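Take a look at the structure below.
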Amino acid sequence: MDLLNEAEAALRPPNESSAEVPNGAAGHYLLGLIYRYTDRRQNAIHHFNQALSMDPLLWAAYEELCILGAAEEATSVFSEGASLCIEKQYMHDALSSKSSQASSDDHIVVPNRSLGVEDVSPRQLKDMHGYDVRDISRNYHGAASNQPLNGGPATFSFYNTPSPMATQSQLSGVAPPPICRNAQLNGPNLRAFGADSSPRSVVNSAVPGPRRKFVDEGKLRKVSERLFSDSRQRRSMRLGGESLVNTNSSASVASGNGTNHSSKYLGGPKSSSVVSRSVTIRKGQSWASENSDEGTHYDIYDDSRLDITTSSSSPRGDARSLEQEGAARPSGPVVVSGSRVAAGASEILGLLMILGEGYRLSCLYRCQDALDTYIKLPKKHYNTGWVLSQVGKAYFEMVDYMEADSAFSLARLASPYSLEGMDIHSTVLYHLKEDMKLSYLAQELISTDRLAPQSWCAMGNCYSLQKDHETALKNFQRAVQLNSRFAYAHTLCGHEYVALEDFENGIKSYRSALQIDSRHYNAWHGLGMVYLRQEKFEFSEHHFRLAFQINPRSSVIMSYLGTALHTLKKNKEALEMMERAILADKKNPLPLYQKANILVSMENFEGALAVLEELKEFAPRESSIYALMGRIYKRCNMYDKAMLHFGLALDLKPSATDVAVIKAAIEKLHVPDELEDEDAL
C-alpha cells in the first residue's frame, strides 16, 4: 500500500525506539526495506545484516545488500558460523516440538472412521469410556473438545469447526481434521459405536453448521455413486507424511460420520459390513451434499487430495487392522539426527555461497568474475531460469549482446513464465536490431502477464526500434504506472524524452530513477548525455564520473567521460580515459574514434591516422571514420587522399547531417583551415 511511515511505526513505535523488532529476521528485513525506500541507506544496511545474522538462509536480505553495494563476501556470510546457527535453530525447534508432543500423549486421537459395534472389542470400548476423547481438529487449529464419551446427555460436539488460527508447532506432524461438522453422538443409544442393532450413526441435523459451498443433489448423487460403487477393500493411499495420527494404546479407536451406505451403494442387503470414509480435499474449498434419504456433509480442510476408502470385513479383522495401522504409524514428528542436519546445512550453504558471490560480483559490475563464479554451479542449478538470466545480464553489461541473447533465450526455455530479466532481454534485442524477435518477445510477455512492468518495457523497446518514440513512451509510462519502484522503466522514459528532444522531462525521469536506486548508473549516464548535448560540459563530466564510480568497467561510460574531459580541454586526462576504455573492451569502436579526435586536436596527425587505420578493421562501413581521415589529410595538405576519403564517406550513405558536413568540407577543400575558422567566427 506504500504506507511506509505507518509500516515503520508498526515495526518500531516512535515512543519505543529501543524496543525489539517483532518477528525476528523477517521484521528486520521489512524494516530494512522501509529504510531503503526512504533513502536511509546505512539504517537499511544495518537491518539487512541483522536479518542475516538471525537467519542465514534469508536470501532476500543478502540480495538487498548486494543491490545496495554493501554485501560482504558470500564466503563470510554463508560460512561455518551460519551452519552452526542453523543447527542451533533446528535443535531448538525440535525440543519445542517434543515438549508440545509430550503434552498431548495422554489423549487418544479419534481418526475419521465409522465403526459398527462389532468393530470395537469390549475392552476397547471400556478403555474409550475411561479416557477423554480429543477431537482431531485440535491438532490443526488448536481448538480441542475434551468431553467425556459416556452415556450422558448429547453435549459432545464431535465435529466442531475449529479456530483458523494456529501456531507453527501445531501444524507439524498432525492428522487432517474430520470430514463432518456439528455431528453429535446420540447420547443414550451411542449409535456411533453400534449400540443399535444396525451399525448406523446419526447425523444430528438439529444443530446445522455453517456451510461454505454446496453442490446440488444431482451432482452429489453422481459423486456418491462413483465413490462408493466398489465394495472391494482399498487402502487409503496417503500422498504426504504431514498427516500423522498419534496413538497411545495398542489400538487406535475411531469414530466418524458413520452413515451406512452398504445396501444403498453396494447393491446388497443390510449387513454388519461398514463403509469407512476418509475425505480430505484442498484447503480453502467446501463440498457439501444432500441425499434424499439422509444428509451427509463433507467439509474440506487442509490437504490436496481426495481419499475415499471402502471396506467390508469382519469385526475382529477390522480391530486387528486398526491395531496394525496404529503400530505402524509414528507417534510424533520425525526427528532428524544432528549429523544429517549438519550435512544438509553445509550443502545448502555451499550452494548459496556460489549463488551469493556471483550475484554480489554482478551487482558490483565485475561481470567476468561473476560468470566465472556461476560456472562453478552444478549443471542442474546452472540451467535454471534465475541463474541463466543473471548470466544474460552479465553479458549485457559486457556489451556482448549475442551471448546475452543466447543466455536469456535459454532462461526463457527453462522458466517460460518467469519475467526475471526480460526487460534487459528486450534491450539486448533492441541493440541487435532484431525487430522480429523483439516483437515476438513483447507479445509473449504481454500474454504471460499484462500487469508486469517488464512486459511493457519490452513493448516500448519494440516501438522505439521502429522510431515510434511517442508510442514507446506511452508503454514505458504504463510500466511506471504498474510499478513506480521499477527504476529501469523511469530510465527508459528518459531515453524516449531525449529522443523527442524533451530534455526537461528527460531529466525528471532520470532523477526519478535515481530516487529509487541511487546505484542505477544508467540514469547517471543519461543525465550526462543530456548535459553533453546541452553543452553543459561541467555538469556532463560530473554525472559521467558518478556513473563511472558505480560501474568502473564500462567502456561506454569511460568513452563519454573522456569526451566530456576533451570538451573541457583536459586532453591529457581524456586520452588516459580513452586508453582505459580501449583496454576494457577492444571490440568497442567508440573509444578508438574519440582517441583519434583527441590526437587531432593535439595535432598528432600520424598517431590519429594510425588509430583510424586500426579502427577501419573493426568498423569498415562507418562513414565518420573516412570523413575524419579526409579532414586529417586536408590539414596535411594531401588533397587527393582527402578527396578520396570524403568520397568514400559519401558512398557509405551517412545521415543527412553528416552528408551536409562532408559536402561542405569538399567545397572548401583548398581553403586553408585558418580561413575556415575565420569564416566560422
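These residue numbers are counts, starting from 1, taken along the chain as shown.
Each residue, glycine too, has its Cβ placed from N, Cα and C.
Noted in TrEMBL for the protein shown:
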{"type": "COMPBIAS", "residues": "244-263", "note": "compositional bias 'Polar residues'"}
{"type": "COMPBIAS", "residues": "294-306", "note": "compositional bias 'Basic and acidic residues'"}
{"type": "REGION", "residues": "1-21", "note": "region 'Disordered'"}
{"type": "REGION", "residues": "190-212", "note": "region 'Disordered'"}
{"type": "REGION", "residues": "226-335", "note": "region 'Disordered'"}
{"type": "REPEAT", "residues": "25-58", "note": "repeat 'TPR'"}
{"type": "REPEAT", "residues": "453-486", "note": "repeat 'TPR'"}
{"type": "REPEAT", "residues": "487-520", "note": "repeat 'TPR'"}
{"type": "REPEAT", "residues": "521-554", "note": "repeat 'TPR'"}
{"type": "REPEAT", "residues": "623-656", "note": "repeat 'TPR'"}
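If you look at the repeat 'TPR' (25-58), the same-chain residues 6 or more away from its ends with a CB under 8 A from one of its CBs are 4, 7-8, 11-12, 64-65, 68, 70, 77-78, 82-83, 85-86, 89, 348-349, 352, 485, 515, 518. Residues 593, 596-597, 600, 605, 608-609, 612, 615-616, 662-663, 665-666, 669-670, 673 of the same chain, all 6+ positions outside the repeat 'TPR' (623-656), place their C-beta atoms under 8 angstroms from a C-beta of that stretch.
Secondary structure of the repeat 'TPR' (521-554) per DSSP (helix as H, G, I; strand as E, B; remaining residues coil): 27 helix, 0 strand, 7 coil. Computed over the repeat 'TPR' (521-554), the whole-number mean pLDDT of the model equals 94. Look at the repeat 'TPR' (623-656): DSSP puts its residues at 27 helix, 0 strand, 7 coil.
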